[in-house]
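Beneath this line is the structure, given in structure tokens, with notes to follow.
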């Protein structure tokens, strides 16, 4: 079994925020495959399904971003899963919009959701960083990540979410380089990178 987490903040007020791109990625995966309806467990919304025969638990912590590790830690302990069975999708300021980078382990780079997971679980899991770009001024970071994606963002965003869902099986079988390459080629072929 693998646990695929998307980070974000709960509630309709935050639904379209840049900070919620992790939730959006997991929602796209949920829609692309025959997953169970969302239910509440582990201080999160969860859904079970199969991707290429692999059991998957999708999880969207409902604890707010800064406490995401509580929900993810509960789920890992309940299912007795090691960190190599955890994939986390989240927003990354230091990557251009529509860019994806996957790595195992590493630092939080100031991302409070990742800091929370690292403190509750450790950091040796699959980090899937989804580029949202960065505002011009450092003082505007909070306002930027908690701001909604703009109309001009919608084309690259919808394409990115679709290509993530269509190719997540590569990531699940451990081929993160092919996953990143497929996303990059798709985004570039459509002039979105």
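Keep in mind that glycine also has a Cβ here, set from the backbone N, Cα and C atoms.
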| Identity of the tRNA-site residue among 109, 112, 123 (reference: 14, 64, 66, source: Swiss-Prot) | 112
| remark: recorded positions 9, 14, 19, 64, 66 vs residue 91 (site 'Stabilizes the basic form of H active site to accept a proton'), shortest C-alpha separation belongs to 19
| task | Sort residue 66 (tRNA binding site) into helix, strand or coil using the DSSP assignment. | result | helix
| request: Could you tell me the maximum Cα-Cα distance in Å between the residues recorded as binding tRNA, namely 14, 64, 66, 112, rounded to a whole number? | output: 16
